[in-house]
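A quick write-up on the structure given underneath.
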Amino acid sequence: MLFIGDRMGVKFKDIVTPQKINLKDLEGKIIAIDAANTLYQFLSGIRQRDGTPLTDSRGNITSHLTGLLYRTSSIVEKGIKPIYVFDGKPPEFKDTTVKERRAVRAEAEQKWKEALEEGDEEKARKFASRSSRMSPYIIDSAKKLMDFMGIPYIQSFSEGEAQATYLVRNNEAWAVSSQDYDCLLFGSEKIVRNLTISGKLSELEYLDLKKTLSQLGLKREQLVDVALLVGTDFNKGVKGIGAKRAIKIIKSNTLEKYMKEKDIEFEHDLDELRNLFLNPEINHDYNIKWNSVDIEGLENFMCNEHDFSKDRLQGAIKKMENLNTKQKSLTDWFGK
DNA sequence: CCTTCTGA
DNA sequence: TCAGAAGGG
């Protein structure tokens, strides 16, 4: 089973200098969205005050559907064309991290229950959010929703961010949207963070790979080595070394030499680790097409199966129609 | 998280 | 009219 909380991404916050942008700057642009990242945000964030996620009357979690429906329709209304990119299988050797984080989740679940018994809602919500987990149901229902909404999605072979990056490098998307900085390692020229509608707390950010590399004075291959020292989803990194120290090391030495000098060993072969970022497995069998909303199917899925309100759904559908008509008139004008 | 309601 | 609270499923 795949758990999305298992990816936290490389800790590059201290060394990147993102640029504040507006939603308007993304108008007309195709954005490849890291689905796992997005789903995790919704699962952990869309909860009641005691931490309980939203569910339908049969007990299925619906937090992710709520988030996906409203955010997707809103960004479409703003003229942004989303493509969701889902994770494939994590590499075998990611297993240790998976096990560790499973333990963290179990503990969070326990503390959530305790907080509920104590009547501490704030604490309950905090630990509930930390206990969020992915399941085949979450992924499948998210994909179903995208089908009904007419939004394209791609199934990756490996990391979603690697596949999303491929779309950018292949000029099929303008940028990757993810909260993680890993797409820098995969080589996405453009990265968008905090792609939300009511993003007041965390403002929309733009990160340019070329600019970032030249600011840091590194090549991408070196940035990957920096990441391996700091720690990634695939290796622990070296204790006591953060991004800034790692950059100094990589600028004055090769990673091989440094590791030999300091007698450092990674859990896995160095080149194998590097290749996860520099040569990820890409799925080439996909097609990207925005379809009109299947209103009947969407209503049945969301309202009948998952208890969403018809009125609210209509609102979301209307936002989607907005772009469809704009798109149509454009193709009508130029396309013939 | 996003939308809707609320009351100054 | 609008910021902040409440509700959503």
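Every residue, even glycine, has its Cβ placed from backbone N, Cα and C.
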Fill in the blank from the handout: Here TrEMBL annotates region 'Interaction with PCNA', and of A:20-28, A:281-289, A:326-334 the range meant is A:326-334
Completion exercise
Of A:Asp34, A:Asp50, A:Asp208, A:Asp225, the one that TrEMBL places in the same Mg(2+) 1 site as A:Asp87, A:Glu159, A:Glu161 is A:Asp34
Fill in the blank from the handout: Mg(2+) 2 site partner of A:Asp180, A:Asp182 according to TrEMBL, chosen from A:Asp140, A:Asp147, A:Asp233, is A:Asp233
Exercise for the section: Go through A:Glu161, A:Asp182, the listed binding-site residues, and name the one with the sparsest Cβ surroundings, counting other Cβ atoms within 10 Å. Expected result: A:Asp182
Fill in the blank from the handout: One finds that other Cβ atoms within 10 Å of the Cβ of A:Glu159 (Mg(2+) 1 binding site) number exactly 30
Exercise for the section: Count the Cβ atoms, other than its own, that fall within 10 Å of the Cβ of A:Asp233 (Mg(2+) 2 binding site), considering every protein chain shown. Expected result: 20
Handout entry: Neighbour count (Cβ, 10 Å) for A:Asp87 (Mg(2+) 1 binding site)
Key = 25
Practice task
Could you tally the C-beta atoms, other than its own, that fall within 10 angstroms of the C-beta of A:Asp34 (Mg(2+) 1 binding site)?
Solution key: 30
